[in-house]
């Protein structure tokens with residue numbers, strides 16, 4: 001009695017915002033099934049041309065009472081994704097998980113840094129990438145990805161604000177349950193995720209998941225220590241994002257506890 005369904009909900013981003021944690025935590029819910037990998041259907045041309053049946057074939061089998069969710073953090077910053085998703089399903093519900101934009105930039109750098117170290121490629125100091133010729137390098141991709149107002153404007157051309165639920169990534173890490181309960185309500189699901197589904201792992205420094213008698217933590221690539229960043233550089237980043245954050249708060253009628 002199961003079949004593969006096109007997602008009724010998509011986690012559209014943001015990269016290094018906590019998308020994997022959100023997906024794994026939602027997977028606890030009996031009415032949710034999740035795609036195992038990032039699909040990159042709406043943001044990668046070579047996948048999009050394969051068509052909707054190919055996309056559906058990558059989804060898990062589900063029962064009629066279950067919601068299928070996929071997550072691809074690249075969707076949020078993709079110029080094509082909003083219109084393509086709207087063409088597929090104009091009434092879809094979208095989940096967007098965000099965190100402090102400066103923290104997100106540092107986390108983005110950290111992921112690339114470790115990937116390069118593991119591949120024996122040369123690495124640069126954070127400060128050497130972020131500052132060029134004595135000024136903030138605003139062309140740096142990680143900084144571009146943190147301009148939430150710029151990207152959100154594109155999504156709001158195709159979707160109403162009540163179709164996009166914003167999850168506070170900073171809060172999800174510190175206290176997952178309230179954020180997940182808001183998602184349950186947004187998706188019109190019965191409340192099934194409980195405090196007992198989480199336990200704080202002292203070694204890792206974040207919450208792990210307990211469900212179906214099993215315990216699991218996010219992959220070791222998650223929660224890696226960030227480099228210590230020069231205070232002057234931090235202040236430059238805070239200052240640069242301030243105006244963008246203010247625009248974003250206005251756009252979504254909600255403020256966040258960001259620098």
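For all residues, glycine too, the Cβ spot is worked out from N, Cα and C.
TrEMBL: automatically predicted annotations, no manual curation.
Summarising the annotation, TrEMBL assigns domain 'Sulfotransferase' to 7-244.
If you look up TrEMBL, you'll see 16, 17, 18, 19, 20, 99, 107, 207, 222, 223, 224, 225, 226 marked as 3'-phosphoadenylyl sulfate binding site.
With a 10 A radius on its CB, residue 16 (3'-phosphoadenylyl sulfate binding site) counts 24 other CB atoms from all the protein chains. Positions annotated as active site, for sulfotransferase activity by TrEMBL: 16.
Per TrEMBL, the feature disulfide bond maps to 208-217. Residue 217 (disulfide bond): 16 other CB atoms within 10 A of its CB, across all protein chains.
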Field: Proximal but sequence-remote residues of the same chain as residue 226 (3'-phosphoadenylyl sulfate binding site) (Cβ under 8 Å, at least 6 apart)
entry: 103, 106, 107, 110
- request: Output the one of 20, 224 that, of all these binding-site residues, has the highest number of other Cβ atoms within 10 Å of its Cβ.
  value: 20
Task: Take the Cβ of residue 107 (3'-phosphoadenylyl sulfate binding site) and count every other Cβ within 10 Å, whichever protein chain it belongs to.
output: 22
Task: Determine, to the nearest whole angstrom, how far the Cα atom of residue 16 (3'-phosphoadenylyl sulfate binding site) is from the Cα atom of residue 208 (disulfide bond).
output: 18
Query: In whole Å, how far is residue 217 (disulfide bond) from residue 20 (3'-phosphoadenylyl sulfate binding site) when you measure between their Cα atoms?
result: 11
Query: Taking just the CA atoms, what is the gap between residue 18 (3'-phosphoadenylyl sulfate binding site) and residue 208 (disulfide bond) in Å?
result: 13
